[in-house]
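Q: The ATP binding site annotation in Swiss-Prot covers Thr30, Leu31, Gly32, Pro33, Lys51, Asp87, Gly88, Thr89, Thr90, Thr91, Gly415, Asp495. For 536-547, the entry in Swiss-Prot reads compositional bias 'Gly residues'. Residues annotated as region 'Disordered' in Swiss-Prot: 526-547.
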Amino acid sequence: MAAKEVKFGREARERLLRGVDILANAVKVTLGPKGRNVVIDKSFGAPRITKDGVSVAKEIELEDKFENMGAQMLREVASKTNDIAGDGTTTATVLGQAIVQEGVKAVAAGMNPMDLKRGIDAAVDEVVANLFKKAKKIQTSAEIAQVGTISANGAAEIGKMIADAMEKVGNEGVITVEEAKTAETELEVVEGMQFDRGYLSPYFVTNAEKMVADLDDPYILIHEKKLSNLQSLLPVLEAVVQSGKPLLIIAEDVEGEALATLVVNKLRGGLKIAAVKAPGFGDRRKAMLEDIAILTSGQVISEDVGIKLENVTLDMLGRAKKVNISKENTTIIDGAGQKSEINARVNQIKVQIEETTSDYDREKLQERLAKLAGGVAVIRVGGATEVEVKEKKDRVDDALNATRAAVEEGIVAGGGTALLRAANALTVKGSNPDQEAGINIVRRALQAPARQIATNAGEEAAIIVGKVLENNADTFGYNTATGEFGDLIALGIVDPVKVVRSALQNAASIASLLITTEAMVAEVPKKDTPVPPMPGGGMGGMGGMDF
């Protein structure tokens, strides 16, 4: 086991604080509409330019082990806030730094760290309650656009695009962000349920120009197993032919004789038909087939539930207004499922999302939820250079997360104003002077985001904060982008409650841990032993070759 170095008390806290300051000072320059960029060196390719706090925080690694511990713990504040709310990472970092700085001073002055922590926790709880009380629910698409614009650092076109996407796919719909191949940023919406399986044979195509199969008002057979011969399928095929409607077969696979027979029937014109593989794998495939069945008011034909292919009747098949099948994707539009059954399934998936601990499972469940509840929108981010596209994509991701958070828990006045007001409204009392000091630490720290936004804009922070606090209206604040004071909600300068409260809760949680640190242990860095010099004298037996 390698030797360890141990630091105690004041020295330990000072080293931690130094690490916190290095990371926070790099991150906080990005805060606000006039925040600056940070350039991050990459070991290959062009450097990355970003205004996203968590991206900067993740890149910082310090040489000194003890300072690095402080930096990594503050990085955790940004990461946690990003995981919960998807935005507000810079605000969280600024709050964390402010609480740690004040807390370390208080401990150095002889106050009890545990009482300070209790005071900090009590103050944070009251501020969060205050934020919920002041929250304004989001109703209109214009309000969603405002939130997106603020989070994208004032880019109105990004805010509007996100609002359009949310309007089209609903609040539950999936909105993904991709890099475009062109200079334009565009929005593409896929309505209905789409899964990534295309037709099994190009002979199923109905539109040879576009190479797609369009089925209008089809029956949909959802089968869990492989189909290799059609003997057992004949009764249902005959019933479909008599009805004059097209048929879509979704099965694990359609092979050999079965596929050949379907293609021959299609080419002879007797049967409008297409077959696709079932989406997903294993248990996820079963769940997705069940989703399709509920969406189309059909049944999954499976021997698990005692239904054999030969006994299938038309009423067991799903229905939809239209099915569009390309080489790679199948889209079911306007399924005939009952609204109540779809809603019950949506609620069931929501419960699974809450309970799952795996990020991958959560992502897949959210995709299923979106396909059932609304649809899928893709925002393709364009730009003149790769560096610009990556920077813009960071901002779109932030804006998207912020708008989702705003829809969930409402909005408050932006620009750090809500926290300023909450600091003024703090009434909680500590049970001893040290707890009071903890409450005052939070009271002062709550001014930090507003001050930093003003500083980044080249303003005098103390004057701006003073003017804002002179007016008692909750939503009165400073619009840094235009340099005017006014009602921030009316001006569209808003922050989602979820982002603001997550930033504060995570900052206080990690900062409290740093303040209550009394000892630190780190490995002693290994000293590199120099490589011994080559023995002189040239090669043996070849005297006289010394150089």
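A Cβ is built for glycine as well, from the same backbone N, Cα and C atoms used for every other residue.
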Q: Check each residue in the chain of Gly32 (ATP binding site) that is at least six apart in sequence and keep those whose C-beta is under 8 Å from its C-beta; list them in sequence order.
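A: Result: Gly415, Gln452, Ile453, Ala454, Asn456, Ala457, Thr480.
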Q: Can you give me the same-chain residues 6 or more apart in sequence from Thr90 (ATP binding site) with a CB-CB distance under 8 Å?
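A: The list for Thr90 (ATP binding site) reads Val27, Lys28, Thr30, Leu31, Gly35, Gly53, Ala78, given in order along the sequence.
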Q: Please find which two of Thr30, Leu31, Gly32, Pro33, Lys51, Asp87, Gly88, Thr89, Thr90, Thr91, Gly415, Asp495 have the most distant C-alpha atoms, given that the record lists them as binding ATP, and give only that distance in angstrom, rounded to a whole number.
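A: Among the residues the record ties to ATP, max Cα distance equals 17 Å.
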Q: Sequence gap of 6 or more, C-beta under 8 Å: which same-chain residues meet both conditions with respect to Lys51 (ATP binding site)?
A: Thr30, Gly35, Arg36, Asn37, Val38, Asn153, Glu391, Asp394, Arg395
Q: Using DSSP with the three-state reduction, classify Thr90 (ATP binding site) as helix, strand or coil.
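A: Assignment for Thr90 (ATP binding site) reads helix.
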Q: Translate the DSSP assignment of Gly32 (ATP binding site) into the three-state scheme.
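A: Where Gly32 (ATP binding site) sits, the three-state DSSP reduction gives coil.
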Q: Going by a 10 angstroms cut-off between Cβ atoms, which of the binding-site residues Gly88, Gly415 has the sparsest surroundings?
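A: Minimum Cβ neighbour count within 10 Å, taken over the binding-site residues Gly88, Gly415, occurs at Gly415.
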Q: Where does Lys51 (ATP binding site) sit in DSSP terms: helix, strand, or coil?
A: coil
Q: Give the helix, strand or coil assignment DSSP yields for Gly415 (ATP binding site).
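A: Its secondary structure by DSSP: coil.
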